[in-house]
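This report refers to the structure that appears directly beneath it.
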Amino acid sequence: MARALRWWDLVGLGLGGMVGAGVFVTTGRAARLYAGPGLVVSYAIAGLCALLSAFCYTEFAVDMPVAGGAFSYLRVTFGEFAAFLTGANLIMEYVFSNAAVARSFTAYLGTAVGVDAPSKWRIPVPGLPEGFNQVDLVAVGVILLLSVCICYSTKESSVVNLVLTGVHVAFILFIIVMGFVHGDARNLSRPADPVHNPGGFFPHGAAGVFNGAAAVYLSYIGYDAVSTMAEEVERPDRDIPAGVSGSVVLVTALYCLMAASMSMLLPYDAIDPEAPFSGAFKGRDGMAWVSNVIGAGASLGILTSLMVAMLGQARYLCVIGRSGVVPAWLARVDRRTATPVNASAFLGLLTAALALFTELDVLLNLVSIGTLFVFYMVANAVVYRRYVGDPCPAGTGTAHETRAWPTLAFIGAFSLIALSFTLLWQFAPGGAAKAVMLSATAAAAVAVVAAFQALVPQAREPEVWGVPGMPWVPAASVFLNVFLLGSLDRPSYARFGFFSAAVVLVYVLYSVHASYDAEEGGAAADGGAGAGDKLQDHGCEV
C-alpha cells in the first residue's frame, strides 16, 4: 500500500477514531451508575491504561511497519493461533461497535435537527427480540457511504477525517466552555436527591471510580487503528510514536475536561445516561439551541470515529487474509486505489447488515472485553519479544527455548498476581484484612517485576524506538487491563467465551489447514514444492 501518511495524519486519525460516540454514550452511564463527579479520575485512569498499551503498540509498529496491527505482532511472537484468536476479537470489536455506533448517528442527527429520530426515522418490526426490532436505514446509508470513501483512497480519507475532526474538536471545546460557564461547582459534591443517593466527589468510593474507568474505556477504542496504518506511513520511526501517543494524550485531556464540564452542569444523579451532554441543557430557558449544536457535534464525531474504525478493520482483515487463515481473496489490494477494497467492502456490508437491526447498547461491554483482552496480549508480547528475541533459525532453537521459559514464567506469574488482586478487590469483604491482602498482592507484583528485571537479560534492543522503562511499563499495562477486565459483568464473559469458542472451531476446521504457515511446513516436508501459494505477511497481492 502507498506510503502517504505523516504524523499529523496519524494524530488526526487517532483523534477521529477515539473522540466519537463512545464519550457521548458511556459518560452519562458511568457517571450516573458508578463514579459520579469522580468520573474525571476514571477517564484519567482509562487514559493511562490506553497510553501504556499505546507504548507497546508503538514499539511493534515502528519495528514492523505493516498493516496488521496486533495480529501481525502476535503472529511473530506467540504464533498463528494466538494471532488468529486476537485478530478475530479485533474484527468482532470493530464490526459490532461500528454497527452500534452507526445507529447512534441517527439519534444525534435527530437531536441536531430537532426530530425524535428513534420514533420518526426507525421502523419497528414486530416479532423480533428487544434490541433488534428497530430497522435503521440512516445507519446503513452512513456505513455504505463511508465504505465507498475508504475504498477510494487512504490519503483522501485522511484529509476528510482531518477536516471533520477539526470541526468536531471545536464542538468539544464548545461543550467544555458551556459547561464551565453555565455550570455550578457545587454540583461536584452534592446530589440532586441526597436522601437516596450519596454525596461527595467520589459518591461510590474507589470501587466506583475503577468501575467507571472500565465503563468509559470504550471511549479510547480507536487509537489502535492508527497502528494498522503503519504500512502507509511515510516515516514510521518518527510518525508512529508521535501519532499514537500524541493522540491518546490529547484525547485524555479532552475527556477529563468534558467529564468535569458535565459534572458541573448537573448533579450526577440527575444526568441522562442516554444523552448526557445534550440532555443537560434541555428544559433550560433559552438554552435549547445548545442541545441542537451538541447533537450536530456528536454526529460529526461519530462520522470520524466510524471512518477511522472502518479503515483499521479493513487492514486487519487484509493482513489476516495474507496469512491464509481466512480466504486470501480478502487480502487483495486494488492496483488503482492502493487500498484493500475487498476487505473494506466485505466488512462494510457486514457492518451495515448488523446496523440495520442492532441497538447501541447491546454489545458495548462485549466490545470492551475484546479490546482489553487484545491490549493484554500485546503488552505480554512486547515483553516476550524483548527478552526472548525473534525465533531462532533452524538448528539453534535450544537457545531460544532457554530464554523463553523464564519469560513465560514471568508472564504467567504476573498475570496470576494481577488476577488475584482483581478478585480480592471485587469479592473480598471490606475491612483491614482486605487492605492487608491487597497490599501484599501489590507488593508481590512489584517484587516479581523487579526480580525478572534483575535476573533475566534482554535478548534484543529496539533499533529505533522502544517501550521506556522495560519491563515496568508493559507490566503496568497488563495489570491495569486485567483489573479493568474484572470490572465487567458476567454476561459479557459468557458472550466472549461463546465467540472465542466459535473462533477456535473455525481455526481447527479451516484455518490451521489453509494458512500460509501450514502450507510452508508442508512444502518443507515435500522438499519445497508448493510454498508461496498463499500470501506472506509482507505483501498483499495474490
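All positions are counted from 1 along the displayed chain.
Placement of Cβ uses the backbone N, Cα and C atoms for every residue, glycine included.
Annotated features in TrEMBL:
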type     : residues : note
DOMAIN   : 465-515  : domain 'Cationic amino acid transporter C-terminal'
TRANSMEM : 7-28     : transmembrane segment
TRANSMEM : 40-60    : transmembrane segment
TRANSMEM : 72-92    : transmembrane segment
TRANSMEM : 131-152  : transmembrane segment
TRANSMEM : 201-223  : transmembrane segment
TRANSMEM : 244-266  : transmembrane segment
TRANSMEM : 339-357  : transmembrane segment
TRANSMEM : 363-383  : transmembrane segment
TRANSMEM : 404-425  : transmembrane segment
TRANSMEM : 431-452  : transmembrane segment
TRANSMEM : 464-486  : transmembrane segment
TRANSMEM : 492-510  : transmembrane segment
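With a cut-off of 8 Å on Cβ pairs spaced 6 or more residues apart, the transmembrane segment (244-266) and the transmembrane segment (7-28) reach 3 or more such pairs and are scored as touching. Counting Cβ pairs closer than 8 Å to the transmembrane segment (363-383), the top stretch among 201-223, 339-357, 404-425 is 201-223. The stretch in 40-60, 72-92, 201-223, 339-357 that contributes the largest number of Cβ pairs under 8 Å to the transmembrane segment (7-28) is 201-223. Of the two recorded stretches, the transmembrane segment (201-223) lies close to the transmembrane segment (40-60), with three or more CB pairs under 8 Å once pairs fewer than 6 apart in sequence are set aside. Below 8 angstroms of C-beta separation, residues 30, 34, 69-70, 72-73, 202, 209-210, 212-217, 219-220, 223-224, 227, 240-241, 244-245, 248-249, 251-252, 255-256, 259-260, 263, 375, 378-379, 381-382, 385, 462, 465-468, 473-474, 476-477, 480-481, 484 of the same chain, each at least six residues beyond the ends of the transmembrane segment (40-60), sit close to that stretch. Assigned with DSSP, the residues of the domain 'Cationic amino acid transporter C-terminal' (465-515) fall into helix, strand and coil as follows: 39 helix, 0 strand, 12 coil. Counting residues 6+ beyond its ends, the transmembrane segment (339-357) has Cβ neighbours under 8 Å at 1, 67, 91, 94-96, 98-100, 102-103, 125, 128, 132-137, 139-140, 143-144, 146-147, 150-154, 310, 313-315, 317-318, 321, 329-333, 540 in the same chain. Here the transmembrane segment (404-425) has Cβ contacts under 8 Å with residues 207, 210, 380, 383-384, 387-388, 434, 437-438, 441-442, 444-445, 448-449, 452, 455-456, 471, 475, 478-479, 482-483, 485-486 of the same chain, all six or more residues outside its ends.
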